[in-house]
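Peer 1: Right, I'll just put the structure down here and ask away after.
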């Protein structure tokens, strides 16, 4: 396994403390990797800053060609990446290869094209004798912090728009799941000029803090927890850096009496438990109108009970383990607290799986109330709650009564209601009669404590640029 880091075009070993990297399906240590030192963090940022002088002035065509080459080598090495992701994250191998790798490749190809479509406003005379134009220019060095749930996918979401816009990047993947990012480093070093991409390894305190606080970093992009976002915003406040935050969610799934129940069951069975529920858009907070509540709970419980947890390399496995022992304990604690309320009923699951690895049974909880922690707090595991509601006004208020604002869905056959409710939901994305669908052309990002800024789409590309006015007297 490639375990070296990329700094200024060279693969190097870290000079800091060694950290274990685990296989969550077994609990075994895969390998130990040395963190970068503070001096290596500084070297990576300074390399990126030096490379920006030239990379920031390259043509969109040249940047697009590099991104397309990177997309091609990821596609060519798709099986290798999928196997690394499966071993390091516990993802079913078939899901990593068939679902994630094509989407990752598409992200780089999309932004390769988008790089050539990013324009400022056409020049015009708004003051006699002067011509004004609007430029969209890169910022400089971007520090990107990627999470552990979709390591390579999130690296793509961070790298592609930043590079397409002409920035240079220092990426820190999660210390829990670094292996695909380090493999990416090996392939990217021969495609991009030295310093344009730097990929480090280490924990937040020892590596993340000196990286995000570095005076030459102009922007910090994070996908992670609210707590991590709060820390980075506070840590970087004195230097007034631009920040781009995607901080999780607790997606409301609003199911009206007239919804297609079979479609809801099929959708939640898939989109509530994909990646073992470790997804910030997971369909995890169901509001079911009282007329169909009992039927939905019964049918969904039966469907969830058929989900198969197992070894990641088994073609029949639908759910792998959680990412770490610590996270398994967090998920288990959240469910135990829900059970202790007395009014929440476990329809299926509700316990750790016996044996090796960090497995938690796919769980459906019914009878949850609006103020329950299981409804209000992100669990980030294979746990879905169901709450009954009376009418449209009530459920819209309940759905919006959350600190999160990332994703939501509405299930109804009434087109007018679908538009009406979607317009009132305080979420970055609302799906109607589906959930979880993402495409590179559409923006992904939240409101409230789910953060700000957009990933993917031209809006995502714009987030990595600065708007500048140039006026010429003539």
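Just so it is clear, glycine is given a Cβ too, placed from its N, Cα and C backbone atoms.
Quick paste from Swiss-Prot:
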- 146, 147, 148, 172, 173, 174, 175, 209, 225, 226, 227, 228, 280: NAD(+) binding site (BINDING)
- 246: active site (ACT_SITE)
- 280: active site, nucleophile (ACT_SITE)
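Situate these features within the shown structure.
Peer 2: The Cβ of residue 175 (NAD(+) binding site) has 19, 21, 35, 201, 202, 203 as same-chain neighbours under 8 Å, each 6 or more residues away in sequence. DSSP classifies residue 175 (NAD(+) binding site) as coil under the three-state reduction.
Annotation note: residue 246 (active site) sits in a strand segment as assigned by DSSP.
Long-range neighbours of residue 280 (NAD(+) binding site) (same chain, six or more residues apart, CB within less than 8 Å of its CB): 149, 223, 246, 248, 249, 378, 380, 406, 407, 450.
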Peer 1: Long-range neighbours only, meaning 6 or more apart in sequence with Cβ under 8 Å: which ones does residue 148 (NAD(+) binding site) have?
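Peer 2: Result: 89, 174, 176, 177, 323, 324.
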Peer 1: Rounded to whole angstrom, what's the largest C-alpha distance between any two of 146, 147, 148, 172, 173, 174, 175, 209, 225, 226, 227, 228, 280, listed as binding NAD(+)?
Peer 2: 24
Peer 1: Using all protein chains in view, find how many other C-beta atoms are within 10 Å of the C-beta of residue 246 (active site).
Peer 2: 25
Peer 1: Per residue, counting other C-beta atoms within 10 angstroms of the C-beta, which of the binding-site residues 146, 227 reaches the highest number?
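Peer 2: Sorting the candidates by Cβ neighbours within 10 Å, the top entry is 146.
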Peer 1: How many neighbouring Cβ atoms, not counting its own, are there within 10 Å of the Cβ of residue 173 (NAD(+) binding site)?
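Peer 2: There are 27 of them.
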